[in-house]
């Protein structure tokens, strides 16, 4: 639940601004490589080592997300195409770093060395897998909620998402807004991948894109880009996936049924947008016809 919730919060900020950017997927991968680099470094502190292992990947994620933000703000480049291309670049770059500079000598697989014990996040509740990352997620969701609904920047984000031209004509600086939103989104994405690796993994083992960024886009759509809705959606999908695994063990129902359900949910959510646009056009036609009569 926690990694896809972080990803969903990051995507919700982008979608609120009217930007369909899927670059969080690449940020999760390259952020994992940075997490491994920091977590494998000898820092004899159980306090500062986890903090640095979370903070540095978050900053790197924010800085890398400025690339599609700059291209969109400066050249009006298509953010979807740019983000998908950057995902492939980050995948190749991350694998290059792992294979040539960060590969563990104690394993034959393409993986980093084992993380230092001082970098790992300890379980705070006995007999559970809950670490401090859960409370960090709640704090991040609260931050995004306050940012969107209680600040001037959040008003600008929501206004730009509703009508970008109106927002620009109202005096909003689109360039600064895009850059800030992309940095905050990348920061959250980098933080999400680091807490995932430091909680459940002992080393970096990904050799393909993890899919957490794409799933986060689904969380944002299910939660209607509302931070609280994203948390509920992440819990629902996680419960659905785990339930499917348990069901597959005791029946002939394949675990892939969850992928079908998620695809149907995406289609239903997307249809709402197209139906609303169609309804608006119909109302406009009816109003024009009444005026002509």
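Cβ atoms here come from the backbone N, Cα and C positions, even for glycine.
Among the features that TrEMBL reports, transmembrane segment is placed at 54-73, 80-98, 130-148, 168-188, 200-221, 228-251, 257-275.
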Selected stretch (most C-beta pairs under 8 A with the transmembrane segment (168-188)) from 80-98, 130-148, 200-221, 228-251, 257-275:
130-148
In terms of Cβ proximity under 8 Å, which residues at least six beyond the ends of the transmembrane segment (257-275) contact it?
218, 221-222, 237, 240-241, 244
If you count every Cβ pair below 8 Å, which range out of 54-73, 80-98, 130-148, 200-221 shares the most with the transmembrane segment (228-251)?
200-221
